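Visitor: What follows is a structure written as structure tokens; I'll ask about it next.
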Amino acid sequence: MSWDFTGGRGGAGGGRARLPSYVPPHLRNAPVANPYNAAYGYSPYSAVYNAPGYGQYGGGGYVLGGQQDFAPRGRGRRGRGGQRRNEYESSSSPSFADAIAEKFDELEVLGEEEAAGGGGGGINFEAYDDIPVKATGSEVPPPVERFDEIDLGEGLMQNIRRCKYSKPTPVQKHAIPIAVAGRDLMACAQTGSGKTAAFCFPIISTILKNGLNSGPGGTRTVAQPSALILSPTRELSCQIHEEAKKFAFKTGVRIVVAYGGASIQQQLYNLEKGVDILVATPGRLADMIDRGRVSLKMIKHLALDEADRMLDMGFEPQIRKIVQQMGMPPPGQRQTMLFSATFPDEIQRLASDFLKDYIFLSVGRVGSSTGLISQKIELVQDMDKRSHIMKLLHGQKANGKRDLTLVFTETKKGADALEYYLSMSGLPAIAIHGDKVQMERERALRSFKAGVTPILVATDVASRGLDIPNVSHVINFDLPKDIDDYVHRIGRTGRAGKSGLATAFFSDQNMSLAKPLVELMKESNQEVPPWLNEYAKNSSNIYSGGGRYRRYGGGGGGGSRHGGYDDYRNDYSGGGYGGYGGASYGGYDSGSYYGDNGYGGYAAPPAWSGLGGGGGGGYELGTEAVVASGWDM
DNA sequence: CTCCGAT
């Protein structure tokens, strides 16, 4: 029984006494309210410590680099587990289909340059061939080379053709078989690499096979989606929704989006018409669950996009509540898929609470080895930033309208101030940040995409996941504190196989970033300014603090480690986790390469860390150089 | 004093 919305407290939940009871809207002002912020204080590590041993892992795993040929023994041994051949029909209500049909036509026109799906025109597939891929975990299903190697269902296959996705992108080749097999997945891959389709295809396919939700039931409907996709920003939820609708076109699978800042009435109305897949931001979803309008008890698939963001300090408690305390079936009874471009160990550890016997997949960024994004770091003090950006922008003013420049600032205020300054100086700029109402946010994004205001000044609200074609230049007016945020930001350019430029203003305030920045740049074959190298050397010990989730092993020269994150279950180099590691890994790596070493405080030589994919039975192809070349750049 | 996410 899931969460009891109507009944008395206690009782029904059986052992779930801690669940907040439903409070009707008219009583919400009582001090009782907001069960979300307090009351469920959570100690992030407790659950991890108590986790059962990972005895089941260590069976499989592979590392691919360079060519796509696959180790024969891996393929033979595992076969094609998990593929079902059930017949099914896609039913669709005509009115719904018609409504979507219109939308589809629109999207088809707009979507011609979309990077996300992969196969579309203009994508440089050559660049896909030397992408490093690594999968670890037990019994990893082998990748496919073509969509039709997997029985995704006729309706979905048609849509894949409609979208002109001729061939899966690397993340799709690997993630789709894993997901279709019903396995849990933690995937490290940048948006723009086809991530959305990678989790949408298996979800839609499985829903079609298992039967659609019966539409609106009685008069009072509680929406019971069978899949939930969570994302950290409203705009990203919209983007996922738009894309998912294309994939579900005329299949009868209903997809609804829910996010804050927009009328909840319309969203509830959409839910009442029936929903199979709900795409949502956390706050609005919790609100709807609170109101008793959405129930998670039928969830079979859970996907977290930009998962590292969703699990960082600000978000993690909310996510944990939604996933663990609001009636969703536990791991093992649902499929959970986490996607992000960056996956620090700490986040992996938190995330493992949500997963069962999962596969860790790490896929390089398209063009990572060719350095599609050229990074320039300039030493500019805060007081000189404005005049400096003026020089830069005037220098590129001659560019055509479709060349867009995305400028990141640290604060919302800073974004507004810079927008004002640029506008006053005759440059067509517009700002986007979380203090603007949703309409303004959307207007800014549209205006930018259309080239009406080809300069967008943004906070980190725009740093992740958004797929904006033709961003040729990303300027870090203020550098972020965390190197991962930098990675996400510059990833807004260089998409769809196009080249991009990322310029950063490095000031005295950014010393703590010097070292990780230099490491990142070296791994992506960028030229590091000598002064920055000096800062990095001098600051390595002084400024060891900094990012929210710094990676450990800082001394190790990190060669193969940064950019592409490794499965933390395989990482024995983190001396910092001495006390923790030993117990909970338990039988995890019987037969591992490092087998007999106690890991408490054991430090592997730098050259080892990051390789050795997957405990026992892991195997690797390709050269170290490729593996080390920096995923997601 | 970040940022984001509900009313």
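Using N, Cα and C of the backbone, Cβ positions are placed for all residues, glycine too.
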Visitor: Kindly point out the range from A:1-20, A:201-220, A:381-400, A:581-600 that TrEMBL annotates with region 'Disordered'.
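Guide: Comparing A:1-20, A:201-220, A:381-400, A:581-600 with TrEMBL, region 'Disordered' matches A:1-20.
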Visitor: Would you mind telling me which of A:116-144, A:145-173, A:522-550 TrEMBL tags as motif 'Q motif'?
Guide: A:145-173
Visitor: So how many of the residues in the motif 'Q motif' (A:145-173) end up helix, strand or coil by DSSP?
Guide: 16 helix, 0 strand, 13 coil
Visitor: In this predicted model, what is the average pLDDT of the domain 'Helicase ATP-binding' (A:176-361)?
Guide: 92
